[in-house]
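See below for the structure under consideration.
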Amino acid sequence: SDHMENIYGYLMKYTNLVTGWQYRFFVLNNDAGLLEYFVNEQSRHLKPRGTLQLAGAVISPSDEDSHTFTVNAASGEQYKLRATDAKERQHWVSRLQICTQHHTEAIGKNNPPLKSRSFSLASQGSANSPGVQRRPSQNTVSFFSVGHHRLPTGKRVPIMQPDHLVDVREMMSQAEGQQRDLIRSIECLPASGNITSLDQDLLMLKATSMATMNCLNDCFHILQLQHASQQKGSLPAATAISWFEPKISLANHFKNGAAQNFPAEINKPASVREEQSIAEPCQLTREPEEINPDEELEDICDDKEDDLGAVEEQRSVILHLLSQLKLGMDLTRVVLPTFILEKRSLLEMYADFMSHPDLFIAITNGTTPEERMIRFVEYYLTSFHEGRKGAIAKKPYNPIIGETFHCSWRVPKSDGATDAGTHSSAHPASEPVTLPKDTEDQTELDCYTVKFVAEQVSHHPPVSGFYAECVERKMCVNAHVWTKSKFLGMSIGVTMIGEGLLSLLEHGEEYTFSLPCAYARSILTVPWVELGGKVNINCAKTGYSASINFHTKPFYGGKLHRVTGEVKQNLTNTVVCRVQGEWNSVLEFTYSNGETKNVDLTKLSVTRKRVRPLEKQGPFESRRLWQHVTESLRAGDIDKATEHKRALEERQRNEERLRAETETPWCTKYFLKEGDGWVYHKPLWKTVSAAQPQQTDTN
């Protein structure tokens, strides 16, 4: 009762896309259980501009930032609000939750239980409603009769155990799904007739069911926090919670549920239990691990994404998903269906952009700054074709925070001095370069080694860091990328925010570069990938720069995948090379001396990366982490793949919430935050002194 005082103050309220955020004066009326707002404090004596009944409401802090929260009323109305800082948000959220709980409980005390009704909610709604399609016979009584379980007599456990949390989470998941179906069924009822969606008892049912779910979520989170504290030994034994009765079922909608290190669950596949039982990454060693390239074996995986079967079969799911999206909506937090996934992580996709390591090494062989810039542009433009697996647009797995990917390439030293024009037809793309078996023992001496490491350094926003180096050639590349996706109607756009830095230590040169946007087009028919936007490459020391345009196809006519660009000397504004063509087909380079060179990307040699076997990988390395999802996708078992994917995503949400509650910062393994970017912890430029060129480079 000490916290039931009325509070008031200014908050920002989101109105719509046009108006955006506006300051409004809010008043929490505890006595009436109302949240009211006015244009400003001076108009407080006038009629409120808006009012929300808090009984049955759900108050939810947003995870998009530390200032925003939402108030979801039982009527379906929502206020999206923003405080000035995290402390003020917590003040409003806690007071609103206390008021909401008080008035929700008052409804239960002051109103008798709902009378049982024999009608079926589903039968009253539209024949096309989701509730009708899934549970045509469900009614309000049957909803509340599902999910109650009791332990056998004599099985009471005095101290809470992790497997009990698992059981509760599973039961919560079932009940929350049923609660969503119930709300959907009520909202599908007609606006007039004997039973309507505005029926007083049904509105009461919606309010109390939502309030019940909210309270159970809070209780479960408290239990989870206490269990985590007990594991760390921070609570005395006397504070352990006794567990006398198993609780009701509830969950998948509850996104912060899975406690860590749960024992095996009998009803779940062993692989799902393994995914849910991996300890929180910060509880594992976060010390950087030196990967021995000799432990890596040539990659034999060849998962081309040319199968349209799943997309064709699941078109109704895609339509249902599209119906819930709005133009411009950020898809970062939207859970996409499993059947549109590639069989690799985004971190591995970045590694596949390095599938021409011979061209990468050849950059530093340029004898002049001009030649090195042109070689870098050639390498840059040839990297995107192999980065895509097939012609069908599918989405790689979203890496979970702390996920890493390691690999390497071995390049014969005889190839290190070549460029794209001298060996573009040496090996078809369908026949990747493979080192002969009888020379394996000599490869360390006869080959250059290019090592690659990537890490997911942030979850919100999703940021990946990746780094590659060739110690023998004194060159390395460091990059960080924030992938931001938006819904554009019949396509999805992905902006690659970030910057890369190529260092040629032998020449003391650094090249900064950006990445183009990607678009998944025709998502209802045959989805395909298109690149678009302008990227820049600059070398401050030499004064050379490149401007590259990836052209999207016009609505009428035009070519697909077109790219144009030019390399110039900034001091003289002289163009020294022009390029045109298609980034996934043939590129034509025209030099200042009039010579031209064509590079057929479909015939360009591809060097297979080398990856450690799964049994030698750590639990958070991409292929081991996602192995069960990948195996299920290969087998065509979409349901099982979805189950494994959901287990990983739930664990990540739980860990993130626990870190927020305990104010534990996330600690990265291989990359360090520097300014707005992320840098590899041991870059080559720190460990190797740049060798000064014997002669001054000339133009």
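Backbone N, Cα and C define each Cβ position, glycine as well.
Looking up the ranges 416-440, 616-640 in TrEMBL, the one annotated as region 'Disordered' turns out to be 416-440. Checking TrEMBL for region 'Disordered' across the ranges 104-137, 274-307 points to 104-137. Predicted-model confidence for the domain 'PH' (4-101) is 87, expressed as mean pLDDT. Taken residue by residue, the domain 'PH' (4-101) breaks down under DSSP into 21 helix, 40 strand, 37 coil.
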